[in-house]
Amino acid sequence: MTARSGVWITLEGGDGSGKTTQAELLEKWLTDAGHTVLRTREPGGSEVGHLIRDIVLHHRGDIAPRAEALLYAADRAHHVATVVRPALERGEIVLQDRYLDSSVAYQGAGRVLDATEVRELSLWAAEGALPDLTLLLDLDAATARTRLDSADKPFDRLESEKAEFHTRVRESFLALAAAEPERFLVLDAAQAPEVIAAGIRARVAALV
Ligand code: TYD
């Protein structure tokens, strides 16, 4: 990856962990302080990615595990090359909902694919690019499920997976954070949104 002057922050966590709320609060805090922020997400942070998002989240019926992993990786390759890297080169702060840790946690949690291979695939797709900071919103699967149930929104393919799947996703995220403590900040997503936001701001202030 070429030299970059911006700051790249990703948000990770299970479905219903409150990533969107925290991204909104952080974006407001950063823009109020005069920073240029690009909010984006995977899958679906580019035009091509939008089409891929529709397949991976809304296709009725099975998608072969390797095909699913490649679809997320394809979205990632195009997103990093055409959206994230240019913004970082312009010196912006990129605030991104989900990145390769989601692939390792979700595609690896199905137990069919090897987590290391999934990570290697994503790193190849993104030419090795890793964020400066990854915020992990950690929440137990039961609380997350209660939140999703009360959100009154139809479930997508991954949200409808069974509870054990989501427990494995959570464990995988925590293992990733433990393996790279300098990149990750783990937050207890059961806390009040303002408390979580304050923890995030304290860490981000040191970066920007
Ligand atoms: P998200 O955009 O957070 O869903 P929503 O808009 O409904 O909150 O994520 C979509 C789903 O995609 C989520 O269940 C996790 C999954 N996912 C993967 O399985 N692998 C990946 O690499 C990524 C980025 C997401």
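Numbering starts at 1 and runs along the chain as it is shown here.
Note that Cβ sites are derived from N, Cα and C of the backbone, with glycine treated the same way.
Automated prediction, rather than curation, is the source of TrEMBL annotations.
The domain 'Thymidylate kinase-like' annotation in TrEMBL covers 11-197.
Taking Cβ-Cβ distances under 8 Å and a sequence gap of 6 or more within the same chain, the neighbours of SER17 (ATP binding site) are LEU137, ASP138, LEU139, ALA144, ALA189. The ATP binding site annotation in TrEMBL covers GLY13, GLY14, ASP15, GLY16, SER17, GLY18, LYS19, THR20.
Here the binding-site residues are GLY13, GLY14, GLY16, GLY18, and the one ringed by the most other CB atoms within 10 angstroms is GLY14.
DSSP gives ASP15 (ATP binding site) a coil state; it is part of no helix or strand. In sequence order, LEU137, LEU139, ALA144, ARG147, ALA189 are the same-chain residues whose CB sits within 8 A of the CB centroid of GLY13, GLY14, ASP15, GLY16, SER17, GLY18, LYS19, THR20, the residues recorded for ATP being left out.
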